[in-house]
Amino acid sequence: MSAKAVSELSGKEVLYKYFEPSGLLSAPHAFHVKAGENFDEIANKYEWLARDNKGVIKPDQLIKRRGKLGLVKIGTPQELKAWFEKTGDSYVRVGQTEGRLHTFIVEPFCAHTEKDEMYIAIYSERFRDVIMFYEQGGVDIGDVEEKARTVSVPVQLNENAMTPSDEELTTLLGPLKDSDIVRRFVVELYKAYKDLHFTYLEINPFVLLNNQIHVLDLAARLDETANFLCADKWKSRLTPYGGPNHVEFPAPFGRDLTSEEQYISEMDAKTGASLKLTILNRKGRVWTMVAGGGASVVFTDTVCDLGGASELANYGEYSGDPSESQTYEYAKTLLSVMTEGTPRPDGKVLIIGGSIANFTNVAKTFGGIVRAFETFVSKLKEHKVTIFVRRGGPNYQEGLRRIKDAATKLELPIHVFGPETHMTAIVGAALGVKPMPTVPTAPQTTGQFLLSPERNTGGTERAPPSPAANATPTEHPLTTAQQNKLKSFRGLFEDDTKAIIWGQQAKAIQGMLDFDYVCRRSSPSVVASTYPFTGDNKQKYYFGQKEILIPAYKSMAKAFATHPDASIMVTFASMRSVFETVLEALEFPQIKVIAIIAEGVPENQTRKLLKIAHDRGVTLVGPATVGGIKPGCFKIGNTGGMMDNILASKLYRPGSVAYVSRSGGMSNELNNIISQNTNGVYEGIAIGGDRYPGSTYTDHVIRYQNDDRVKMIVLLGEVGGVEEYKIVDLLKQKKVTKPLVAWCIGTCADHITSEVQFGHAGASANALGETAACKNAALRASGALVPESFDDLGNKIRQTYDELVSQQIIVPQPEVPPPAVPMDYAWARELGLIRKPASFMTSICDERGEELNYAGVPITKVLESDMGIGGVLGLLWFQKRLPPHANKFIEICLMLTADHGPAVSGAHNTIVCARAGKDLISSLTSGLLTIGDRFGGALDGAARQFSEAFDQGWSANQFVSEMRKKGKHIMGIGHRVKSINNPDKRVEILKRFAMDKKEFAQETPLFEYALEVEKITTAKKPNLILNVDGAIAILFVDILRHSGMFTKQEAEETIEIGSLNGLFVLGRSIGFIGHYLDQSRLKQGLYRHPWDDISYIMPESNLVKF
């Protein structure tokens, strides 16, 4: 939802902060007190209340007409406290809604008379803002719409030009026209309204006292999508009293947010997906979990239309391609509420529904739902929950298979249906008022791209199949003569339409090209893409089996200049950048259509784009849309879903029925219903779910009326707004004469007493005429063909089509099979349709899921267990969860080997390379390349020699003797500087750690054996001590053999593949990097070795022959 009501305190604070520099507003420090809180403790922080001044207290919970309801108290601090303690936590009824009073605003009382009270309101419409003013305000103002004077301010790109003129202000203020302060206040208030992205602001009353305006009562809505623009402006003033520093958007009165609703709301705020949950009746029998904004409304409508309103437990949706874990959390939260309390004797039903998805991977989301079933399986059985599932879209077969497998494995009663079944057919079965739907024959895999049209989702008997195609393709659905006659009429999209795509959207572009190919277009519809964050390049795509290159441009201007025949731009820009992107695109006169996919575009920005596009004759589709499709010609982005759905819905060739809808998911459902009950879709547009879509129902219905290729129109409206009434007027005026089948979703709103925001930003009725029921009645009365419910929509479309066929207005043509479209390799692999040997294998790390895994351990568990870097190394190097003493040993080794001064070869090389001006990686690798048998590479050798001697049963004396006989140096023994008299502190640390059996809790036989060897070698020469390489290597072998974590074979393999040397390389890399950074800080110049430190030994001249 974009326009959200704010608390009175938040609304006032936002205005007080904005007006602070001007001093025009009196800005007292009001505060909230909530039921159960200590009134005195909070009130004592506010000096104005501590002085026994009068104050005002009233609920701040979006309640209208509080004065008339007796919910305003004026009095001393003690009187306010007494009223608060009496009223807090009490229940009151406002209209049809009963709710608890829990949050109150307390502010200073402004003494005045009724004649001082004035009224002002500002609200936004599609192409204008309206300012209403009346010099008499307060609770008894009466019908303000009749009394108030108004000024309209047209939307313009330049906001500074959007201000009422002096003449308009004079007319607006009436008897107060000479009041300079009131005049300034109106001008500044409207400026604040625009800058702060209000969508509605009403102050009733405000008074003028002592040359300042006092705002006594306020109601407002802010455009929540403008948060990225206004986050700082929406913060309250800095005060010594504390209080919230952010805007509060309270739940509607009568609907306190439950902990579950709050949790889902917080999840929704952190993801690009849409997650909504409203609990209507915790003890209800009928629960829904529906994918898609429009579909969620349709399912709720159907429950209510079939008599289940009193049992409806919740409203909600999950859409926008949520991840498996997000779907799991959503489902788990829903099931936790559904299965709480005492089980009902008649059990409960859970309806998991949705329209046919455009791009959401159904199997992925259903994986999360199955996990939730597994978590709550005992509770689901205890509460006798019966589950009904209906879904379609990408990979839906795999998703439905997972649900069926879960039903068998968990022994749960789950009835599963795909897009072969009408979307809401499962609702009647779930409520027990209709028989269980039959399951028609359906394709079994998404891989069957040339699908036989056996799918019937229209809720009607199947239409007889079209005659078999002749060898010679027949024009469809018009004859050649008819087509020639209509060549002069061009719609938004034709079979030669070309588009430029804004954004890095390879998948969407490939989908458009596949659609072009299956429609038998002679050339691709996408001629270029543009994205300002990459350089000019060419990107590879497929047009059928053929590889093609499509240019990508950094500059949009260059893209359109290079491709003057491109008339459409599809922009995938985010809500933050879409305004500037579309504004730039509108500068190019060749553009006729711009499709805006992004959700969350601020309404003020959208309205400016609408204004400019309208003035320049450009059609906008969106924002918040999947786009549109014209079978046989063109599709926008991901419209129509996967290729299997496009083929099943016969979207590869034109039909005779055009439709317009708000919802992208529901447009896919309409594609199915129309294709199974008529000769197919001619064109379909999803205008988007925002309050101000770029183009309207009326725009497209008029286009369809004027296009003789369209024989029948379908309109899917919804609750909220008045756009459908324009269609009513067109019908009455006979400006639309073609058969119009219409249905407005959202009839459930009449059955829900508390305010609920449905799937789309514009789906909320603010007046009786905006309800779906009123719209449906008006459409029916004006001559539209309106079904009894959405369940009956397919029947109504079929009946209308049959009449047109009988009148020969539509003449069905033979079907021509589409060309085979190759399936994308990545998608085919995901579906399990193909396999090939992997080029790489890994067993230590997996980043593909929701969370990084180290050897199967989620990264969150790694951090929570506090295993340290030693534990991480154990997972990544050995695929083991090592014991604590082993983790600590690894960390000690890394610290001990981190550096040994600049004189050693590795550090020296790193320093020389750094001083030559090389980068970090080059300098580091130059140092690492010196590591070998002579420098740092003794760990593996020491481990191997000592292990072999110990395993053969040699004594320490025998081992030393055997090595001397072979003339081999004992790896890990000896040091150039250190000796028995000047021991290596690093080795001493390791010895103490290994001998402390409380900390190093395991046997160390090899290390003890090495100490015996050291006694023998140091007796011969003091510097033949066990060095740090040897100590590390031998102790590590003990860990491998005696920690209980490794088999003998694993221990030997670990030594053999060089793991021990890895410890030295990893540790010493720390020091090498330190040397590089040190040299860079010191800014040392190029190193050149001095001549006097080099012995030049040249051959005698008489020995060199030329």
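A Cβ is built for glycine as well, from the same backbone N, Cα and C atoms used for every other residue.
Taken from Swiss-Prot, the feature citrate binding site covers ASN358, THR360, ARG391, and the record attributes it to similarity to another entry. THR360 (citrate binding site) is surrounded by 28 other CB atoms, counting those within 10 A of its CB over all protein chains shown.
According to Swiss-Prot, the feature compositional bias 'Polar residues' maps to 442-459.
Swiss-Prot lists 442-478 with the feature region 'Disordered'.
Taken from Swiss-Prot, the feature ATP binding site applies to 701-721, 752-778, supported by a curator's inference. Every protein chain considered, the tally of other Cβ atoms within 10 Å of the Cβ of GLU718 (Mg(2+) binding site) stands at 33.
As annotated by Swiss-Prot, Mg(2+) binding site applies to GLU718.
If you look up Swiss-Prot, you'll see HIS760 marked as active site, tele-phosphohistidine intermediate.
Here the Cβ of LEU785 (CoA binding site) has 20 other Cβ atoms within 10 Å, regardless of which shown protein chain they belong to. Under the heading CoA binding site, Swiss-Prot lists LEU779, ARG780, ALA781, SER782, GLY783, ALA784, LEU785, VAL786, PRO787, GLU788, SER789, citing sequence analysis as support.
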Rounded Cα distance in angstrom between ASN358 (citrate binding site) and ILE713 (ATP binding site) is 22
Quick check on the binding-site residues ASN358, SER789: which one has the highest count of other Cβ atoms within 10 Å of its Cβ? ASN358
ARG391 (citrate binding site): tally of other CB atoms within 10 A of its CB: 28
Tell me whether LEU785 (CoA binding site) sits in a helix, a strand or coil according to DSSP. strand
Under DSSP, is ALA773 (ATP binding site) part of a helix or a strand, or is it coil? helix
For ASP707 (ATP binding site), the number of other Cβ atoms found within 10 Å of its own Cβ: 17
Shortest C-alpha distance to ARG391 (citrate binding site) - which of the binding-site residues VAL719, LEU785, SER789: SER789
List nothing but the largest Cα to Cα distance in Å, as a whole number, among the residues ASN358, THR360, ARG391 that the record says bind citrate. 12
Between the binding-site residues GLY783, LEU785, SER789, which lies closest to VAL719 (ATP binding site), Cα to Cα? SER789
Taking each of the binding-site residues LEU779, ALA781 in turn and counting other Cβ atoms within 10 Å of its Cβ, which one has the fewest? ALA781
